[in-house]
Amino acid sequence: MKIIGILGIQGDIEEHEDAVKKINCIPKRIRTVDDLEGIDALIIPGGESTTIGKLMVSYGFIDKIRNLKIPILGTCAGMVLLSKGTGKEQPLLEMLNVTIKRNAYGSQKDSFEKEIDLGGKKINAVFIRAPQVGEILSKDVEIISKDDENIVGIKEGNIMAISFHPELSDDGVIAYEYFLKNFVEKR
């Protein structure tokens, strides 16, 4: 079975662990850089991107994650952290050739659920202070999901990033299955 690490320093970690189990993989909570050893993929969860970024700097994760040669899934704040820029001063991994509009859908009270397409399947996406892709900076970035005309899912190389929270939706397992099939199992 594949071991999928979940960056466990802030955010909705337990929900991702439950979702990983549903796709018959083993979740491993990543609290230190040493925990990155032996994983087949990494999930960077939603949470507060500025806080997660500062903690990644404090715990020495930035360079370690940048140098990983494994698939990475970023959800919500994870998408923000993987981007090249947000227009705000904050620590970023800068692994995806996109800029991000933080909190593009508004505040917490503006959160919503909406059915969108991901890889040819419908998924009930949960958007909580969700980001959107602002600008695509490379032809290597592929759009995998949209909310109307807004880009909410992309992939580039071995990285997938979505602006919604699949771990909070009953059918969110679709996103994890997509990641497993198109990234983890192709490794």
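Note: Cβ is positioned from N, Cα and C throughout, glycine not excepted.
The model shown is predicted, which means the values in this text are computed figures rather than measured ones.
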Identity of the L-glutamine-site residue among Arg29, Arg102 (reference: Gly47, Glu48, Ser49, Ile128, Arg129, source: Swiss-Prot): Arg102
Cα-to-Cα gap, His165 (active site, charge relay system) vs Ser49 (L-glutamine binding site), nearest whole Å: 14
Integer Cα-Cα distance in angstrom, Arg129 (L-glutamine binding site) to Glu167 (active site, charge relay system): 15
Cα within 10 Å of Cys76 (active site, nucleophile) - qualifying recorded positions among Glu48, Ser49, Glu167: Glu48, Ser49
For Glu48 (L-glutamine binding site), the three-state class that DSSP assigns: coil
Which listed residue (Arg102, Arg129, His165) has most other Cβ within 10 Å, given these are recorded positions: His165
